[in-house]
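Here the structure is laid out as structure tokens; the discussion comes afterwards.
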Amino acid sequence: MERNGSDVRQPLLKSPGKKESEGEERLCIDEMLQRYCGEFGRWQMKHFVLTCLAWALEAFHTMVMIFADQEPAWRCVGSGCQVGSSTCGMDPGSWEWTEGKGSSTVSEWGLICGEKYKVGLVQAIFFAGCMIGAGVFGHLSDSKLGRKGSLTVVCIINAIFGIATAFSPNYWTYVALRFLTGFSTGGVGLCAFVLATEPIGPSKRGVAGMSTFYFFSSGIALLSGIAYVFRPWRELFIVSSLPSLLFLLVVIPFISESPRWYLVKGKVDEAMKLMHAIAKTNGRHIPAGVTLALDDEEEAEAGDNNGERNVTPAEGSLKDVFQSPLTRIRLLLTVSISFTVAIVYYGLSLNVVNLKTNLYLNVLLNAVAEMPAFGITAVLLDKYGRKPLTIGTQWFSCVFCLVGFVVGGVGPWKTVRMVSGVLGIFGMAGTYNLLFIYVAELFPTVVRNAALGCATQMSQMGAILAPFVVVLGEELPFGVFAVCGLVGGGLAFYLPETLNKPLYDTMFGMHEAESNRGRRREVVC
């Protein structure tokens, strides 16, 4: 077959992700989205919104503990009772719970005085379940179940054990069911995040990724209203768990699997069918002869005698991440930052119980306060990059946590401390959410959810410690939060920038691209 002059020059104009063979143009997913499908059209918008509804479910199952495990108000009913003092030294018959024993787990099982540690224990065990579940479902969503399959499974488990929690006959059964609910909850956010953002083009992915967390904050805000209406803790668990069942029946059937997962598993036909659906819905068209390829050309060979193309499934695991110096350093840094960020974020969220004001209003205000952080970070994300924002948002939170540590807790300084807490969570909420985007871009598709699962696991480890930091008192928690923000921001200095870099599919493809970039820098120097 003869080649004319333009044919000879054409490969020199193409990116490494393309390959021309017998009239077939092979493109990576990012290139196909940019050129033929649209980076964020009607298809991606619908898929994004439906998938991100799962974040509200995670908020329900996580933050329900603030209301279910609160210490409710009490009143005097007999002699020997002094209003404003502790109930620990009083005759049990001299006081009673204002809303009855069934208003919370604390009042029903007497988790006060010497038993108060059990409140922090059940919260810590929930986050321990989240930590384990994040690792398990992070691996399963990269391997056998896929993104959609894993999201379906975690929602099933959430619905079952969330509702079952409402029928706990005693404290230890309650602890066990909260652990199982946490196990599934740990996989909800990471599966939903990756599934929602992978079909989006590179120039829109950052802003879209930050927008996923509006659903989490909206879930917290909605939960505060639900908890205000359904005060008894058993009713609250049932009502807050039913949305998971509705999500399974009404939303999941309209969500698609990730085309990137199809591709790395060698299911090119399924991936192409989905890409054609994206293009059609967005009013675009993929020309005949254009097909998908992995960024690892050695694993994207054409093939069989019938003219159909087979792609060997690209595999990856945490073992591969640790064997590579490049990804090993990235993983160690991201999990360390996730740990410190979670201590501050969850610590400030749970610390509302120490403010001694309207709990429902405080939770609502904290949720609303997070939303501007997402918007501001989304606006700045593609202008200044991931790395500067990761550093800046943590140090912003550090400054105000330091203010909360220094000022007193009486008179007008009490208001200053409360505002410092709101601004602290404002900054750290931006970091917490930005990390999902950053981690997803630092690792290739074959290990993306596994790496994100590791980061989420360490985040849950920080969340486990957060309740114990809160019980240190009024001042010391702010000091711990300030140190965590300072350290986390310092660690972020050692991460590479991922702004405007492609989302790699394989370990080989990422290493080749990074090594080529390094060689180009050497030539320039």
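Cβ from N, Cα, C; glycine included.
Listed in TrEMBL for this protein:
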DOMAIN    47-500  domain 'Major facilitator superfamily (MFS) profile'
TRANSMEM  119-137  transmembrane segment
TRANSMEM  149-168  transmembrane segment
TRANSMEM  174-195  transmembrane segment
TRANSMEM  207-230  transmembrane segment
TRANSMEM  236-255  transmembrane segment
TRANSMEM  329-348  transmembrane segment
TRANSMEM  360-381  transmembrane segment
TRANSMEM  393-413  transmembrane segment
TRANSMEM  419-438  transmembrane segment
TRANSMEM  476-495  transmembrane segment
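Taken together, the residues of the domain 'Major facilitator superfamily (MFS) profile' (47-500) have an average pLDDT of 84. Relative to the transmembrane segment (207-230), the listed stretch 360-381 leads the set 149-168, 236-255, 329-348, 360-381, 476-495 in CB pairs under 8 A. The list of residues near the transmembrane segment (174-195) in space but at least 6 beyond its ends in sequence, with Cβ under 8 angstroms from a Cβ of it, reads 51-52, 54-55, 57-58, 61-62, 65, 105, 121-122, 125-138, 141, 147-148, 150-151, 153-158, 161-162, 164-165, 168, 209, 212, 216, 255, 257-258, 436, 440, 448-449, 452-453, 456-457, 460. Outside the transmembrane segment (236-255), and at least 6 residues removed from its termini, the chain residues within Cβ reach (under 8 Å) are 46-47, 50-51, 53-54, 56-57, 60-61, 64, 67-68, 148, 151-152, 155-156, 158-159, 162-163, 165-166, 195, 223, 226-227, 230. When Cβ-Cβ distances below 8 Å are used as the criterion, the transmembrane segment (360-381) is approached by residues 63, 66-67, 206-207, 210-211, 213-214, 217-218, 220-221, 223-225, 227-228, 348-349, 352, 389, 393, 422, 425-427, 429-430, 433-434, 437 of the same chain, each at least six residues removed from its ends.
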